Amino acid sequence: MEASSMPLLTASRLLSPPPPPTPTCPRRTVSFIRAAAQTLEAPEAPKPPRPSPRRSAVAEVKASVDPVAALNRFEDVLQTQDCNIILRHCGDTRRWDDLSKVFEWMQEREMTNAASYSSYFKYLGLSRDPARALQVYSAIQDHTMRVHVSVCNSVLGCLVKNGKFDSSFKLYDEMIREGLSPDPFTYSTLLSGCMKLKQGYTKAMGLINEMKSRGLQMDSVIYGTLLAICASHNYCEEAEVYFQKMKDEGHSPNLFHYSSLLNAYSENADYGKAEMLMKDLRNSGLTPNKVMLTTLLKVYSKGGIFEKAKELLTELEASGFAQDEMPYCILIDGLVKGGKIQEAKMLFNEMKDKGVKSDGYAFSIMISALHRGGHHQESKQLAKEFEDQNASYDLVMLNASLRTYCSTNDMESVMRMLKKMDELNISPDNITFNTLIRYFCNAKVYHLAYKTIEDMHAKGHQLNEELCCYVMVQLGKAGFPSEAFSVYNMLRYSKRTVRKSLHEKALGILVSAELLKDAYIVVKDNAEMISPSSLERFARSFMVSGNINLINDVMKALNRSGWRISQDIFGRAIQRYIRKPDKKHLLLCLLDWMTGQGYSVDSSSRNLLLRNAQLFGPKQLVAEILSKQQTASRSRTIGQRHNN
């Protein structure tokens, strides 16, 4: 049966249409085919544009660790504006060495424009290199570039930002002479430098008048700078006038303007006007920020309005504006200066209990206050507390700690503070040096005091004349006359007018130590400020043991001062010359000079000279000179009698 059915089955298959083929490809292949079909049906998406060769080159140079090498590879591709992008990238990423290398590369290939110089000077200002900015600007040969306003503004801004105010104004004058046409930004830049100048307000007024003469108008930025200048120089009334004028001209004051005027009120602690200003600020729709509220706190503290100050401090705390120590420091400092040390201590402790971190300012205020109040051990304890809790210091805190350690004669802690100053690379200031000098003087280690003065002078600090004079005298007494003379010279050449007594003290030290050549230097330049008795003592000592070749010079210096040289001094000089016949030309010059100046030797010296005349050439030579002296002396005596 099975055998007979097989052919029928086969035949049926042959007669029937073939079934669809069974797919052999996997499911993901089908998906791919469907996606491909959809892609063919849909429009082709545009391909992203390929970056231009210049853009690719800029990106590669910016990413390179050696931008100059990368620039060399793309020199034929890059243009000046591309190089400016690279230059600004180096500045923005604080790669100062690369910044200068890129700029020099651009200069060598003459691929610089005004934007290049302007950007470069801006970043030199940020990198604290104003000397380089001046050097590069001075080397610009293209006159158009030298007076381009953006280039000039940028180099002036670099100088002002780095505190080179005098240099900035001097350079500005040169730019004007060369043809610069300044714009408002030029004046705004220069005005910002006036805040730190001693005569800044006067200088600012000159700039404002010059700006107006050029037809330029005041804007809100310039008004803001002018208000800040008034505040920094305590010109409160003028600040009020400019503030009102600004509003009258249609400029709406912002928080900076209000803050500047409030600063002016803080200088005089004018809390009445300060409160009115704050009311005006709120009425104008502005909300006082942390800076303004802190400034108002300063007004109250300086004015002794401590209850309002405490209320405002509470408000600052509630607003989250008292998370750092500054508001507390302002009130603590005000309390200390108002003689309320105990209240200051309570607030200081409250600040610590609240966990407010101190960078040392609050500690330094309290340490100094306790030190001035005679609470030396308490001051020292607070200094050690800060030292135990903090690794970082600033100069103010170091000086405060140094003073209190010196006052308690804690040499170990003093040395530790000095070591910390070196480790933190903090440069000492006048307070540091004078604190150490006083400490070494109290410890009677005057040689260390001298070394400190020497270091202080070498670093360009102004010496304390009274303190240095004391050290000079003590060095002389301790047997260090050369060091004492060195202190005298440091004071003398420190660009200041010293007291007259300093010269006499220095002369006394040098004569006592028989440093007569140095003593002569003091007399030669300052004899008119030295007493006759000190000059007499110096002259006697010099005639006996000073350099014989300088005797005549000493006589002339003494005579120029108006001091009448005694015959005793001449007698000592003559005795000295007679013992040295080889100096006969000096003796003869002295005798001739005496005759011309109206001096004559006494009888004792005359006889001595005549007895030893053969030592000085022909005998009649000395006799003739002495005869001239006598004749001149008689003529003067007769003339004086006639006049009487």
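Every residue, even glycine, has its Cβ placed from backbone N, Cα and C.
Features of the protein shown, as given by TrEMBL:
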REGION    1-27  region 'Disordered'
REPEAT    148-182  repeat 'PPR'
REPEAT    183-218  repeat 'PPR'
REPEAT    219-253  repeat 'PPR'
REPEAT    254-288  repeat 'PPR'
REPEAT    289-323  repeat 'PPR'
REPEAT    324-358  repeat 'PPR'
REPEAT    394-428  repeat 'PPR'
REPEAT    429-463  repeat 'PPR'
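Taking H, G and I as helix, E and B as strand and the rest as coil, DSSP gives the repeat 'PPR' (324-358) the counts 25 helix, 0 strand, 10 coil. Secondary structure counts, DSSP: the repeat 'PPR' (254-288) has 26 helix, 0 strand, 9 coil. When DSSP labels each residue, the repeat 'PPR' (183-218) comes out as 25 helix, 0 strand, 11 coil, counted as helix, strand and coil in that order.
According to DSSP, the secondary structure content of the repeat 'PPR' (394-428) in residues is 26 helix, 0 strand, 9 coil. Summarised as a single figure, the pLDDT of the repeat 'PPR' (183-218) averages 92. Sorting each residue of the repeat 'PPR' (429-463) by its DSSP state yields 26 helix, 0 strand, 9 coil.
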